[in-house]
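Let me begin by presenting the structure, written as structure tokens, before commenting on it.
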Amino acid sequence: MSASNQNITSVLKETRVFPPAAAFASAAHVPSPAEADRLRAWAESDPDAFWAEQAKMLDWFKPWTQVLDWSNAPHAKWFVGAQLNVAHNCLDRHLTNGRADKPAIIWEGEPGDTRTLTYKQLHAEVSRFANALKGMGVGKGDRVTIYMPMVPEAAIAMLACARIGATHSVVFGGFSADAVADRNNDAKSKVIITADGGYRRGKVVPLKANVDAALEKSPSVEKCVVLNRCNSPVTMKPGRDIWWHDAVLSADADCPAEPLDSEHPLFILYTSGSTGKPKGVLHTTGGYLLGAALTHKWVFDIKENDVYWCTADVGWVTGHSYIVYGPLANGATTVMFEGAPNHPKEDRFWEIIEKYKVSVFYTAPTAIRAFIKWGDQWPKGHDLSSLRLLGSVGEPINPEAWMWYHEVIGGGRCPIVDTWWQTETGAIMIAPLPGATPTKPGSATKPLPGISAEVVDKQGNPVPANAGGFLVVKQPWPSMMRTIYGDDERYKATYWSNYPGIYFTADGARRDDDGYIWVMGRVDDVLNVSGHRLSTMEVESALVNHPKVAESAVVGRPDDLKGEAICCFVTLKQGHAPTDELKAELKAHVAKEIGALARPDDIRFSETLPKTRSGKIMRRLLRDIAAGKQSTQDTTTLEDYGVLAKLREDEE
Ligand code: 6R9
């Protein structure tokens, strides 16, 4: 992943602008462009004072002596010498500020079972489980793997670790036994917390069976806690395995939150590289929690009575920062859902929004494109009038998908916050402040106050307006990753070697005349066509704005003449036939929308696209298929293994 290429040519033309409604703005946490500018200018001129002031939103047991210590760059220390506890901030302080009986988590399981935990109840459950962990010998600094379905106990386990200073490593409940073993071994986890299984599209995913296989190869793991979620048969190994309900049975509900150093490791979260072993992104306590809490408050404009729902899985960073830590630190009500958006039917999300009167909804472009494909009748059958703000995360959102989200889900009245960030950044970096920032479909808009994101050329100089370049962050920020767990050299080489002293995101982007940032996707995914570097996302957006196209993935195929030929995998909306005429029509459509340069060479119709479990299209796998090669790539993060076989069958 290197920035040492020529700049990227941007061909996307999008001129619609949506200013905040006056009524929304006047009640917002950041209510005007002037206030946003004031915060940005302050953060730029005196970052220490700016962050110290923001940090007052957290409860600290002991104050810091220094805001940022960057002397050992690129390993940052934030709020040096201070002490706090994340679970205390997410739970205990709400018991004395009037939120004890407020719902903290509203949960719905896939079969339709539900549970609401108030702050008081969640506090008791977390404390009890924290004591149970202590009873198993887990203490400050130990690592704990969490491999669970989307049930409240996943959040309880995370918070229990935070409460006693154990570092958690959440592994997606869909990953294989090998993936679990690799992560156990990299982190040297002492305990693993799992469930018998979890529900996914009506079936039980056998988590415990995967753990049994993983533990054959995970010598550091001494104990395995098993939640009975599905009443499915499991094998319990005496001396090693213990049921969750037995572990908490005799555990005391009083477990004081451990005062921890601001730089104490809170969690490790593994992100997949395209090659090599996954990177254990390490986040620490004070800076991370400030980033999650502040951005959750500002970007989602969270108010006391909001019912907030982020549809991510806790195994993804979005689940960490925006289902658990950010919302709970703000004393919000966070909705958690176990299942798939189309089970039992394609309106499950809209049913949940109507049922719980969700007011703030945060999902991913991949889901939005699926909803578009399934048809407007599903959302239109539900009362979505409780919604007041919508969010998007995970990939660039195609302008047409943005417009659909705005009109069909948001009823034209809800601001959309397109939030750009990464596992590594810990919290949202580029996004609208919904009361202050006019939005443009497809742009994450501007860096948040305190975040010095810029688009630069290969030498590190800012690119002129509208030219494509590389997205970097120039100054450290509190929720930045601290290192790759156990591999400082890889941390430096991956993120800090392209531009010395500057964080390289590996994303391509463009800044427009108004200073808005348009993220164009991973630099790895950029096409090189006749000497022009084109963003795959921009060609995809042109395809998606054709009325018959639901989703597309564009990759390069080696071509003697052009360097790379443009190969497009296209999923059609329901009711449209994959014909040769349509192929010709789509090629002409892209050429008309963005120019002859981007005219696709191949169009291949496909029912599905290979994606990660957080919904990102895995273009590197499609590149092999486009080139007619057998893939030797890492597919452990693929959501549906059948997809690749199907795509190969569809080959021309
Ligand atoms: C939070 C998350 C990070 C990568 C990132 C970028 C892509 C995420 C985006 C976006 C355009 C957005 N990405 N949000 N691209 N617009 N709003 O997704 O973390 O799983 O680590 O992925 O996702 O390419 O670099 P993570």
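Heads up, the Cβ atoms here are built off N, Cα and C, so glycines get one too.
Any TrEMBL annotation is an automated prediction that lacks curation.
The CoA binding site feature in TrEMBL is assigned to Arg200, Arg201, Gly202, Lys203, Thr318, Asn342, Ser530. Counted within 10 Å of its Cβ, the other Cβ atoms near Ser530 (CoA binding site) come to 11, all protein chains included. The DSSP secondary structure for Ser530 (CoA binding site) is coil.
Counting every protein chain shown, 20 other Cβ atoms lie within 10 Å of the Cβ of Arg522 (ATP binding site). As annotated by TrEMBL, ATP binding site applies to Gly394, Glu395, Pro396, Asp418, Thr419, Trp420, Trp421, Gln422, Thr423, Asp507, Arg522, Arg533.
The Mg(2+) binding site annotation in TrEMBL covers Val544, His546, Val549. Neighbours of Val544 (Mg(2+) binding site), defined as other CB atoms within 10 A of its CB across all chains, total 23.
The domain 'Acetyl-coenzyme A synthetase N-terminal' annotation in TrEMBL covers 38-90. Each residue in the domain 'Acetyl-coenzyme A synthetase N-terminal' (38-90) gets a DSSP state, and the totals come to 24 helix, 11 strand, 18 coil.
In the predicted model, the domain 'AMP-binding enzyme C-terminal' (538-616) shows an average pLDDT of 90. Residues annotated as domain 'AMP-binding enzyme C-terminal' in TrEMBL: 538-616.
Within 10 Å of the Cβ of Lys616 (N6-acetyllysine) there are 19 other Cβ atoms, across all protein chains. Per TrEMBL, the feature N6-acetyllysine maps to Lys616.
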How far is it from Val544 (Mg(2+) binding site) to Pro396 (ATP binding site), counting Cα to Cα, in Å?
13
When distances run from the Cα of Arg200 (CoA binding site) to each of the binding-site residues Trp421, Thr423, His546, Val549, the nearest one:
Thr423
If H, G and I count as helix, E and B as strand, and all else as coil, what does DSSP give for Gly394 (ATP binding site)?
coil
Give the helix, strand or coil assignment DSSP yields for Lys616 (N6-acetyllysine).
coil
So of all those binding-site residues, Arg201, Gly202, Asn342, His546, which one's Cα sits nearest to Pro396 (ATP binding site)?
His546
Maximum Cα-Cα separation (Å), residues Gly394, Glu395, Pro396, Asp418, Thr419, Trp420, Trp421, Gln422, Thr423, Asp507, Arg522, Arg533 listed as binding ATP:
26
